[in-house]
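Trainee: Okay, handing you the structure first.
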Amino acid sequence: MSIIEKKIVLLPGDHVGVEVVEEAVKILKSISEVKPEIQFKFENHLIGGAAIDATGVPLPDEALEAAKKSDAVLLGAVGGPKWGTGEVRPEQGLLKIRKELNLYANLRPCNFASDKLLDLSPLKSDIVKGTDFTVVRELVGGIYFGDRVEDDGSGFASDSESYSVPEVERITRMAAFLSLQNDPPLPIWSLDKANVLASSRLWRKTVDRVIKEEFPKLTVQHQLIDSAAMILVKSPTKLNGIVITNNMFGDIISDEASVIPGSLGLLPSASLASLPDTNQAFGLYEPCHGSAPDLPKNKVNPIATILSAAMMLKLSLNLVKEGNAVEEAVRKVLDQGIMTGDLGGNNSTTEVGDAIAKEVKLLLA
């Protein structure tokens, strides 16, 4: 029996981040219990407020170096009122690690882990049932990283949006490979503002060319971002598939999409530095929710982090079967009504984690 060893750097961060990472590790260890040939080597490091308290900086050098040498990074959450908005802030650690690891693509799925949760959506259940898309957001270009002029008292300020062909090419390839991981391949939706912005016209032209030349079996449809925002509320299933867009549009549309499933405690995310064509992309995985400093102990929903770990298994660790088993285990547990308070249940964080770990072992035995 050949041993598969995967090195995972854990960055629990602050407040509930510690709890949710513990539950995700519990799930990963449950895989090794029934499949001893799969071994996870965990290495804990500090980030965010916890790192500031211990070292004075939000991301210690040793944490960054460990992340660079790992197969993947699993992060909890950072921040909290304790650290305020001073010169050194917890969130700076997150921004730095994303930049240093060159995480250029952010993936945020929008779906229902169980149909039992449809009534939690602020939209009508018959409108949202069947919603299943992933927003692929370009993470290191665009207006957030463009030239900036601050108001110096003159009453003028500006931000500039720019994209290069290589930047658009690589995010398009990311979307294409994610599409191809499904049989049949998923449709691709590209969101832009090509009727106004020059950068969007370059974006649209480049997306079209890459799909046509490199992925002729795939389909891509273009949608103006303002129209897409309306579709997302009126009929979100129309965007099912892979949704690709630039940094600012992706920031906004993924936050809009995040309210559809009814709780941030359900939503995973991945930030990748390379293509998942061999299911071994390097990535950082984290829940979409924050550190929730006011939440009592053992009340946080761990599912977003557990589903982030499932994404990690499939995209970075080449353990697709195991990742699918984790997602199925989450569905089974929710179908049984085992859930935390944000979903209307009365189970604790650890009870939900224990139940999912049990189902994972049954599925993989």
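Heads up, the Cβ atoms here are built off N, Cα and C, so glycines get one too.
Annotations per Swiss-Prot:
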BINDING   80-91, 290-301  NAD(+) binding site
BINDING   Arg98, Arg108, Arg137, Asp226  substrate binding site
SITE      Tyr144  site 'Important for catalysis'
SITE      Lys193  site 'Important for catalysis'
BINDING   Asp226, Asp251, Asp255  Mg(2+) binding site
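Could you tell me the structural context for the features on the list?
Mentor: DSSP assigns Gly290 (NAD(+) binding site) to coil in the three-state reduction, placing it in neither a helix nor a strand. Non-local neighbourhood of Gly290 (NAD(+) binding site): Ala77, Gly79, Leu264, each in the same chain, at least six residues away, with C-beta under 8 Å from its C-beta.
Cβ neighbours of Asp226 (substrate binding site) (same chain, under 8 Å, six or more residues apart in sequence): Lys193.
A C-beta separation below 8 Å, combined with a sequence spacing of at least six in one chain, links Tyr144 (site 'Important for catalysis') to Asn247, Met248, Asp251. Reduced to three states, the DSSP call for Tyr144 (site 'Important for catalysis') is helix.
In three-state terms derived from DSSP, Lys193 (site 'Important for catalysis') belongs to neither a helical nor a strand segment and is classed as coil. Over all protein chains present, the Cβ of Lys193 (site 'Important for catalysis') has 19 other Cβ atoms lying within 10 Å.
According to DSSP, Asp251 (Mg(2+) binding site) sits within a helical segment.
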Trainee: Gly86 (NAD(+) binding site): which of the binding-site residues Arg108, Arg137, Asp255 is the nearest Cα neighbour?
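Mentor: When the Cα distances are compared, Asp255 comes out closest.
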Trainee: Among Arg98, Arg108, Arg137, Asp226, listed as contacts of substrate, what is the widest Cα spread in Å, to the nearest whole number?
Mentor: 28
Trainee: Can you figure out which of Trp83, Arg98, Arg108, Pro293, Pro296 (the binding-site residues) comes closest in space to Asp255 (Mg(2+) binding site), comparing Cα atoms?
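Mentor: Result for Asp255 (Mg(2+) binding site): the nearest of the binding-site residues is Arg108.
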Trainee: Using a Cβ-Cβ cut-off under 8 angstroms and a sequence gap of six or more, which residues of the chain neighbour Pro293 (NAD(+) binding site)?
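Mentor: Listed in sequence order: Asp14, His15, Val16, Gly80, Pro81, Lys82.
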Trainee: When the Cα of Lys299 (NAD(+) binding site) is compared with the Cα of each of the binding-site residues Arg98, Arg108, Arg137, which one is closest?
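Mentor: Sorting the binding-site residues by distance from Lys299 (NAD(+) binding site), the top entry is Arg108.
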